[in-house]
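*Asks:* For reference, the structure I am asking about is given below.
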Amino acid sequence: MAYPNGALRITRTPGRLNNKNCVGLGGIINKEHLVSACIFAFYIADEEFLPYLPISTSSTDAVPVSYIFKATHIFNCSHYIQIYIGRDPNNDPFLQRAASRADIPLGEGKLAKKNLETLRPHLEDLHRTATPQQSSDESGGNTNIHAFYAWSAGCSHSKILLLVYPAFLRIVITSCNMMDIDTALGDNHWYLHDVPRRATRASRPLAGFEGTLMAHMEALGTPAAFLDSVRGVYLVTSHPGTFAGPKAEQHGLLRLRKIVKHLGLGLGDKSDDGKVRLEVCAASIGNISAQWLNAFYECALGEPEIGFPEDEGDGSGDLVPLIKLFFPTVSDVRAADTDSQEGASNIGCHLRPWATASQAVKEIFHHYRSKDAGRLFHQKLIMAYDPSQPDEVPHYIYVGSANLSRSAWGSVTEDKKRGSEATCHTKLTGVSNFECGVVIPGRLIMGLLEPGTGTWQDGVVPYDQTAEPYDLERDRPWSDPRWVRDYRDDYSD
């Protein structure tokens, strides 16, 4: 096991080939020794990702076969294993063919839930028996791929790999979609944890990290056959919906608040003394308001009380907390290298019209400058640290799939009917996405980095933290028209 105590890594981009604390998919997936695997991501570029897996057919067990995407992609399959791959159905390469089979017209936007249920068996069958480059339903062999889908299309944003080896389970939670622009060419994070195989099956329900992860994978539609095979590892998840009462603390902002509060960091008091700064980098920025940012800040600090500044009637609803947000301007993207520019369709900002957006909100935006010059990103990073002691490890960090939006984190609203003291009589509303990430306490960070890593900033932060704030008379946040219309991974903001 390479990561028995967990590990935090950044992507091994071209300028980081010899850097410490970097890893690529080739260093994460050892396909020769896999026993089973379950992968879920919003978007999976099969021709780029599947070469990392031992794709085989039942009729050619133990014989090298090609899952034909490109002539160079030959898989050395020494064994026949079961591979479960989940993705947002809107991004499935077989969607058009499945719709043709079922005689269902596909419109623009999200795939309707009822249509997904009709298409599901066709999609599953196509993944087992065909390849995306075939021109018809002609069988390409009975592959060992089992497709699955969450119940709602257009919002399945979690990015998780569960890799089963003979002696351990490798859990990978990441900001990467499974495509080269994220896994090899962009700034992103990996949280990795190897969990040893249990000698006996657990006789009681799983709790903590492991139980929460399995519950989230079940919600994403992971087949029971896989979950049963790996039940034997502080997680922040989101599921679409509104949550009140005890369930309100299971997801989104209120889950984040509960965890940070439990850590006992006293960040609210430290913030009053100027010893906390919240730093955020996200690939998608929702139509955020000062009110929402205040609730986000209170939850991110684990505040014991949650206020509603918009109700105070004194103008405080226009005040924005001390947050530094790193997101590229149009000029930052145009200055990036060619590969990054071509992949910039997967980042964007919904705060528009920009010209009339809140001045206070716009003032938190800072340029994005990768330490690997010319790179962009798909990362989602939250850091709470003491700005007066920048060399000290952060109070905590979050890495995962959740962008800075209501869709990802939800909104905290007053709940006069079912609210509890634990949630300050609030509920979580407006969650549209499935999300998954981890909160890492600061005391653990250095132990999660590769030995020899210089500083925690070297190992955790792939961008220049001193990048200047936007010039609001000149700078605008980047949004690719393709992202806005077709490729976006955040539909609700």
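Backbone N, Cα and C define each Cβ position, glycine as well.
Sharing the record's features from TrEMBL:
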| type | residues | note |
| --- | --- | --- |
| ACT_SITE | His157 | active site, nucleophile |
| BINDING | Lys159, Lys380 | substrate binding site |
| DOMAIN | 373-408 | domain 'PLD phosphodiesterase' |
| ACT_SITE | His378 | active site, proton donor/acceptor |
| SITE | Ser405 | site 'Interaction with DNA' |
*Asks:* Per DSSP, the residue listed as 'active site, proton donor/acceptor' is which: helix, strand or coil?
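*Replies:* For the residue listed as 'active site, proton donor/acceptor' - judged by DSSP and reduced to three states - the answer is coil.
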*Asks:* Measure from the CA atom of Lys380 (substrate binding site) to the CA atom of His157 (active site, nucleophile) and give the result in Å, rounded to a whole number.
*Replies:* 12
*Asks:* For Ser405 (site 'Interaction with DNA'), what is the tally of other C-beta atoms lying within 10 angstroms of its C-beta?
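*Replies:* Ser405 (site 'Interaction with DNA') is surrounded by 25 other Cβ atoms within 10 Å.
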*Asks:* Just give the helix, strand and coil counts over the domain 'PLD phosphodiesterase' (373-408), going by DSSP.
*Replies:* 3 helix, 13 strand, 20 coil
*Asks:* Express the distance between the Cα positions of Lys159 (substrate binding site) and His378 (active site, proton donor/acceptor) as a whole number of Å.
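*Replies:* About 12 Å separates the two Cα atoms.
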*Asks:* Measuring Cα to Cα, tell me the gap between His378 (active site, proton donor/acceptor) and Ser405 (site 'Interaction with DNA') in whole angstrom.
*Replies:* 14
*Asks:* Averaged over the whole of the domain 'PLD phosphodiesterase' (373-408), what is the pLDDT?
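*Replies:* It averages 96.
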